[in-house]
Amino acid sequence: MTHLRVTGGRVLRPGGRVERADIAVDRHEGTIRAVGSPDEVDEAVGGDVDESVGGAAAETLDAAGGIVIPGLVNAHTHVAMTLLRGYADDKPLDPWLREDIWPAEAELTPADVEAGAELGALEMIRSGTTAFADMYFAMDRVADVVDRAGLRARLGHGVVTVGKDEADARADVEESLAVARELDGAADGRIRTAFMPHSLTTVEEEYLREGVAEAREAGVPIHLHANETTDEVDPIVDERGERPIAYAAEVDALGPDDFFAHGVHVDDSEIDRLGDAGTAVVHCPASNMKLASGMAPVRRLREAGVTVALGTDGAASNNDLDVFDEMRDAAMLGKLAADDASAVPAAAAVEMATRAGADALGLPGGRIEAGAAADLAVVDLDAPHLTPVHDPVSHLAYAARGSDVRHTVCDGEVLMRDREVLTLDAEAVQERAAAAASDLVDRVGSA
Ligand SMILES: N[C@@H](CCSC[C@H]1O[C@@H](n2cnc3c(=O)[nH]cnc32)[C@H](O)[C@@H]1O)C(=O)O
Ligand SMILES: [Zn+2]
């Protein structure tokens with residue numbers, strides 16, 4: 001069967017309109033063939049008949065009582081950090097990384113990264129996320145998981161050079177470039193890559209310049225953490241007499257395909273600069289609140305024309321990978337930051353989690369229209385906390401949760417049907433990850 005029909009639901013269309021429609025998906029192409037009335041969709045699937053279900057035309061996903069939305073995009077995470085969920089909480093960024101996270105990560109094996117990535121993939125599929133950006137290490141293992149899980153991703157090896165000797169620092173840069181070159185196009189093109197220096201303070205200038213120059217030559221974008229905390233901005237200002245975004249431009253890391261995580265402490269000049277450059281910002285509201293990093297000026301960024309996507313960041317600073325939470329947090333925190341309840345309305349939060357996410361990552365998806373990638377999720381609205389339905393878009397941002405997702409589809413393939421994940425063995429994944437996490441903590445304790 002080449003086709004998949006999503007029937008009986010309401011559909012979130014580009015621009016935020018919600019209308020009753022069926023959807024025809026070309027599974028072979030991984031794209032949406034048609035969005036419209038049942039007749040129009042019948043016509044689009046033509047004579048594609050599934051004998052196994054009594055001759056019904058094509059495979060069908062029932063969306064009755066639900067809303068079909070573009071698959072959510074988690075535009076910044078460290079997916080294998082699911083193993084460190086709840087391992088170290090209630091500390092600011094710098095001591096949290098140095099005292100807890102980095103020592104634990106020093107003990108992580110590639111097999112652990114694979115187990116954690118699988119758990120993260122499972123969690124994302126179960127909460128309607130179809131695409132993500134990942135900065136971590138052992139990325140070949142993460143790529144295998146993305147391939148098996150059926151997701152879409154932009155992957156990169158995170159580089160840290162501070163505290164390393166020259167050989168180690170250079171090797172880390174080379175590893176990131178090698179990953180970016182070699183994994184690009186993997187998983188039938190669902191995997192794209194980026195050069196990923198961890199941040200403007202944890203990678204020294206000469207390595208940043210060299211790495212970015214090579215990334216430009218290879219044609220891969222740049223992803224890094226920028227302007228996350230004042231502790232990270234101040235040293236750049238003190239030492240260089242310029243703001244981090246100006247510094248990023250100086251090392252040629254501020255291009256139209258690049259995307260920076262956080263952008264919390266950005267001043268007006270930096271906001272304008274991001275807008276002019278076309279560099280996207282990935283807002284991570286839960287992580288920013290939990291680490292008390294600050295409030296990103298999301299409304300001002302959007303008004304300046306910056307593409308603002310949403311990310312969960314790692315599960316150790318969130319502590320889940322549910323982009324529905326991120327939509328709500330972004331809307332809430334955006335209002336608080338602007339001191340205005342009309343800032344970052346529901347539709348903006350939904351747009352950030354869908355179209356802006358896909359655009360920030362330079363991946364297909366993020367819109368439900370003919371010709372677009374068939375990356376979508378069906379959210380069940382038949383639940384007490386979603387009743388009544390005055391405005392489904394309001395529910396998506398403020399009341400729905402990942403567990404309300406009924407079906408998840410990526411690249412035309414059904415990854416979850418009626419809450420059963422088809423591409424991963426949920427029970428085995430959970431057991432493996434829990435065992436890997438407990439062994440890891442034992443090793444860290446005796447190191
Ligand atoms: N190759 C590097 C690994 C960098 S991966 C990216 C890193 O970002 C870390 N990380 C997670 N969340 C945040 C955050 O909010 N800000 C900065 N770094 C983070 C994460 O723990 C991981 O160590 C090395 O040798 O250490
Ligand atoms: Zn991060």
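Along the chain as shown, residues are numbered 1 onward.
Quick reminder: no glycine exception, Cβ is built from N, Cα and C everywhere.
Curation plays no part in TrEMBL annotations; they are all automatic predictions.
TrEMBL has this to say about the protein:
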- His76, His78, His225, Asp313: Zn(2+) binding site (BINDING)
- Glu105, His198, Glu228, Asp313: substrate binding site (BINDING)
- 67-414: domain 'Amidohydrolase-related' (DOMAIN)
For His198 (substrate binding site) and His78 (Zn(2+) binding site), determine the Cα separation and express it in whole Å.
11
How many other Cβ atoms are found within 10 Å of the Cβ atom of Glu105 (substrate binding site), counting all protein chains shown?
22
Out of His76, His78, His198, which of the binding-site residues has the smallest number of neighbouring Cβ atoms within 10 Å?
His198
Glu228 (substrate binding site): tally of other CB atoms within 10 A of its CB:
27
Excluding His76, His78, His225, Asp313, please set out which residues of the same chain place their CB within 8 Å of the center of the CB atoms of the Zn(2+) site, keeping sequence order.
Thr77, Met135, Ala261, His262, Val282, Cys284, Ser287, Gly311, Gly314
Including all protein chains displayed, how many Cβ atoms other than that of His225 (Zn(2+) binding site) lie within 10 Å of its Cβ?
25
For Asp313 (Zn(2+) binding site), nearby residues of its own chain (Cβ under 8 Å, 6 or more apart in sequence):
His76, Thr77, His78, Ala261, Cys284, Ala286, Ser287
Cα distance, Glu105 (substrate binding site) to His225 (Zn(2+) binding site), nearest Å?
18
Taking a cut-off of under 6 Å between Cβ and any atom of ligand 2, tell me which of the binding-site residues Glu105, Glu228, Asp313 pass.
Asp313
Pairwise C-alpha maximum, in angstrom, for the residues (Glu105, His198, Glu228, Asp313) that bind substrate according to the record:
21
Quick test of your reading of the structure: among the binding-site residues His76, His78, Glu105, His198, His225, whose CB sits under 6 A from ligand 1?
His78, Glu105, His198, His225
